[in-house]
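Enquirer: So Swiss-Prot lists these for the protein:
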| type | residues | note |
| --- | --- | --- |
| ACT_SITE | Glu226 | active site, proton donor |
| ACT_SITE | Glu381 | active site, nucleophile |
| COMPBIAS | 474-494 | compositional bias 'Low complexity' |
| DOMAIN | 497-564 | domain 'Dockerin' |
| REGION | 473-494 | region 'Disordered' |
| SIGNAL | 1-30 | signal peptide |
Amino acid sequence: MKKAKAIFSLVVALMVLAIFCFAQNTGSTATTAAAAVDSNNDDWLHCKGNKIYDMYGNEVWLTGANWFGFNCSENCFHGAWYDVKTILTSIADRGINLLRIPISTELLYSWMIGKPNPVSSVTASNNPPYHVVNPDFYDPETDDVKNSMEIFDIIMGYCKELGIKVMIDIHSPDANNSGHNYELWYGKETSTCGVVTTKMWIDTLVWLADKYKNDDTIIAFDLKNEPHGKRGYTAEVPKLLAKWDNSTDENNWKYAAETCAKAILEVNPKVLIVIEGVEQYPKTEKGYTYDTPDIWGATGDASPWYSAWWGGNLRGVKDYPIDLGPLNSQIVYSPHDYGPSVYAQPWFEKDFTMQTLLDDYWYDTWAYIHDQGIAPILIGEWGGHMDGGKNQKWMTLLRDYIVQNRIHHTFWCINPNSGDTGGLLGNDWSTWDEAKYALLKPALWQTKDGKFIGLDHKIPLGSKGISLGEYYGTPQASDPPATPTATPTKPAASSTPSFIYGDINSDGNVNSTDLGILKRIIVKNPPASANMDAADVNADGKVNSTDYTVLKRYLLRSIDKLPHTT
């Protein structure tokens with residue numbers, strides 16, 4: 001029993017520490033702080049085949065959306081003139097369990113050197129009862145808004161509290177609202193840090209990974225948004241061309257991604273590394289390489305090139321797969337895919353179906369990676385206008401393919417101010433486009449009765465969702481981590497059993513997750529690792545509905561200790 005008390009004391013200490021770290025300076029309550037308690041290191045993910053698993057071997061489905069702004073000149077979410085936490089709460093309640101956050105290398109560099117660039121177009125006021133908007137962004141010492149890094153850290157705390165996980169996307173080298181148009185991850189002049197180099201790009205990502213290595217809110221890094229560029233017709237290979245081959249050239253995206261990924265995984269081997277494709281890939285089966293100029297007017301079989309959306313071409317994986325050695329378990333490939341309202345690609349010219357899209361574009365460009373079990377696919381951007389025509393038809397077909405194959409994805413986008421696609425939110429940043437959301441909703445991870453499933457083992461996804469722990473009942477060890485990470489420490493077996501009454505999943509806490517497991521025990525569907533001794537919370541030698549009532553009363557604080565024997 002001493003051992004159980006020691007475990008319980010450690011858990012209490014960790015809870016207090018978590019509350020201290022994530023409680024906000026203003027507007028915080030004990031309830032809010034308690035909701036943010038998390039062990040910080042139990043939600044890391046890894047891959048096996050084309051699936052993604054939690055550290056206990058339970059399969060997960062990453063179903064999210066994009067919210068841009070940190071990549072832009074404002075250095076903060078667009079829409080921060082409204083209350084960001086309110087928007088995030090709505091996002092969580094709508095079932096988005098992963099938020100892809102575009103950001104610039106320029107902004108990360110300012111954080112890394114300790115001189116965070118300022119934000120603009122952010123409202124921050126804490127003057128109750130008259131005006132309270134983003135009160136945690138307000139700095140009373142300066143009577144002004146906090147800097148970009150402080151605001152980002154606060155937002156990560158909000159995401160943790162709401163059960164939202166985050167994927168960082170290096171959207172552009174410079175802080176630029178049109179920065180995605182630049183082809184590469186290096187070579188761009190910025191207004192605050194000179195020219196972004198490959199080293200700067202890697203160093204800033206490693207710095208951020210190290211900063212958050214003990215906080216599993218950020219679970220993935222999308223190394224570079226949409227590397228692209230066309231080969232052209234000249235003999236000389238263009239400098240602004242992202243290619244995918246076996247060279248060590250600086251513009252070889254495959255080589256750069258491997259180099260960057262290995263550096264990140266040195267500081268945190270548990271994060272997912274998300275790698276996009278390029279725009280063009282040579283027809284290597286015909287002997288063509290990146291040294292082969294394009295042919296004027298050549299199309300179809302006559303062209304030396306396979307074309308795709310920016311960042312969408314992953315044909316190179318079949319010839320030159322990413323190799324991270326023992327940490328290949330962290331690789332996720334990530335195409336982007338759009339409809340005809342963004343650009344009238346040739347595969348949209350016919351009366352297309354899911355099968356024609358697969359035959360003409362999807363399968364050989366990226367879907368084969370999932371189909372052949374090479375690695376998971378996460379479609380980092382997809383979305384568009386609800387036009388009632390071809391674009392909406394494409395969006396529905398891709399949605400159906402995502403659902404049928406449980407493809408991971410992040411929808412583009414939350415923002416209403418994306419010109420190519422529009423957003424899930426209206427211009428007031430509070431009204432949802434219900435028709436577009438209805439199209440997306442079936443592709444969000446949820447139970448059969450419509451409860452959204454988060455990626456945090458303890459914190460439910462918003463007010464209408466459940467946690468991963470509640471969904472699976474208790475961690476399962478059927479597929480142990482493939483990454484070199486420490487396994488969870490649990491009480492060792494001894495001749496005298498040590499346990500905490502009510503701690504049915506043996507994680508050191510007594511909470512609603514245990515109540516859910518107890519319910520499964522009562523209906524004869526117990527998890528294999530459930531601690532039946534801990535479930536007998538009235539110590540009568542049986543586990544039945546009486547124990548459920550007792551544990552529920554304990555969690556509601558109607559009784560103050562377990563076992564409850566009266």
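Cβ coordinates are placed from backbone N, Cα and C, and glycine is handled just like the others.
For each listed feature, how buried is it and what is near it?
Expert: Taking a C-beta cut-off of under 8 angstroms and a sequence separation of 6 or more, Glu226 (active site, proton donor) has the following same-chain neighbours: His180, Glu276, Trp309, Trp310, Gly311, Gly312, His336. A coil conformation is recorded for Glu226 (active site, proton donor) in the three-state DSSP classification, outside any helix or strand.
Applying an 8 A CB threshold to same-chain residues 6+ apart, the list for Glu381 (active site, nucleophile) reads Asn66, His336, Asp337, Tyr338, Thr410, Phe411, Trp412, Cys413. Under DSSP, Glu381 (active site, nucleophile) is assigned to a strand (E or B) in the three-state scheme.
Mapped onto DSSP classes, the domain 'Dockerin' (497-564) shows 26 helix, 0 strand, 42 coil.
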